[in-house]
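Since the structure comes first, as C-alpha cells, the remarks are kept for the end.
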Amino acid sequence: MLIIDNPQQLREKIKQLKQQGSEIAFVPTMGNLHEGHLTLVQAGQKKAAVVIVSIFINPMQFNNAQDLLNYPKTMAQDCEKLAAAGVNIIFTPAASSIYPNGLNAQTYVEVPLLSNCLEGELRPGHFRGMSTIVNKLFNLVQPDYACFGEKDFQQLAIVKQMVSDLGMPIEIIPVATMREKNGLAMSSRNGKLSSLEKQKAPLLAKVMNQLAVDVQAQKTELSILIDDASIILNNAGFNTDAIHIVDAQTLQAVNCHSKEAVILMAAFLGETRLIDNKVVILNHSATKI
C-alpha cells in the first residue's frame, strides 16, 4: 500500500496506472473511519483492481471554525484499517497543497438547486465546499468509479448531478447505509455520544421507519406526520433539527408525479447531530401531501 501526500506524485502514479490499463475506484473520506467507510472500499474492490482512498478534512465545507478544529484526526488508525482492507493507495494531502492560494481565492463548483435546499439551508456553503473538493479530487485521481454512502443522501444526489452536468466519465456507486445492531446508522459522530445517549440514539431510526410506514399508507398529511415524529423525538430527549419528506430525485416537494419520496432526518442528541434517511416508494392512488 502506498501513502501519498503530494498531488504531483499522485498524478504520476495515476498516469502509470492508466498506462497499465488499470481501472480505478475512488473513496473520498475525511478520516475517522468506521465499518461504513470500509464497506465503500469493498464496493470499490468489486468494480476495479485499484482502490484509492483520500483522507482530507476539507476546510471549505465547514461553516463553523470550531467544528473544523474539533473534527477527529485519526490518521494512524485509519491507515491501519485501510491497509487491512487491501486499499492500494491512500492520498493524504495537506490543505496548503489543495488550496495553495487560500480558500477565498479558490475557484469553486456549485450545484445550485440541489445544494441550496434542505441541509444546504441549515449549513450555508457546506455543499459548495463539498462539491468543490470532490471535483478537485476527481481531477487528481481520475477514477472510473467513485463510491459514496447513501447515508448522506443529499450529498450523493449533488455528486451525481455534478458528474452528469460536467460530463465526467465516472460511474457513481451508491452504497447502502451500514447500521449498528440496534439500527443506528454508522457515523464518525457516534463516538461522541455518552453511554446514555447511545442507548437513546436508535430511536431516530425507529421513528424514521415508522414514518416510512405511515407515508406509504398515505392516510395522513405529510406535515402532520412530520410534526408527530418531531414530538416523539423531542419527548425522548432529542432536539429535532429537521425532518423532511421530499421527492427522492429532485429533493423538492412531493407531488403527483413523484415515484419515490425520501425521509431525511436530523436531530441533536446532546451535542451530537445525528442524521438518517429512508426512501419510500409512492402509490399515488390516495396520496396526501
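Glycine is no exception: its Cβ is also placed from the backbone N, Cα and C atoms.
For 30-37, 149-152, 186-189, the entry in Swiss-Prot reads ATP binding site. Residues or ranges marked as active site, proton donor by Swiss-Prot on the basis of sequence analysis: H37. Per Swiss-Prot, beta-alanine binding site is recorded for Q61. Residues annotated as (R)-pantoate binding site in Swiss-Prot, with sequence analysis given as evidence: Q61, Q155.
Listed recorded positions near M186 (ATP binding site): H37 (candidates H37, Q61, Q155; Cα-Cα distance within 10 Å). Rounded to a whole number, the distance between the Cα atoms of the residue listed as 'beta-alanine binding site' and M30 (ATP binding site) is 11 Å. Of all the recorded positions listed (H34, H37, K151), H34 has the fewest other CB atoms within 10 A of its CB. Taken residue by residue with DSSP, M186 (ATP binding site) is part of neither helix nor strand, so it is coil. Among the recorded positions H37, Q61, Q155, the residue whose Cα lies closest in space to that of S188 (ATP binding site) is H37.
Cβ-based crowding with a 10 Å cutoff singles out G149 as the top-ranked of the binding-site residues G36, G149. A separation of roughly 17 Å, to the nearest angstrom, links the Cα atoms of N32 (ATP binding site) and the residue listed as 'beta-alanine binding site'. DSSP assigns G149 (ATP binding site) to a strand.
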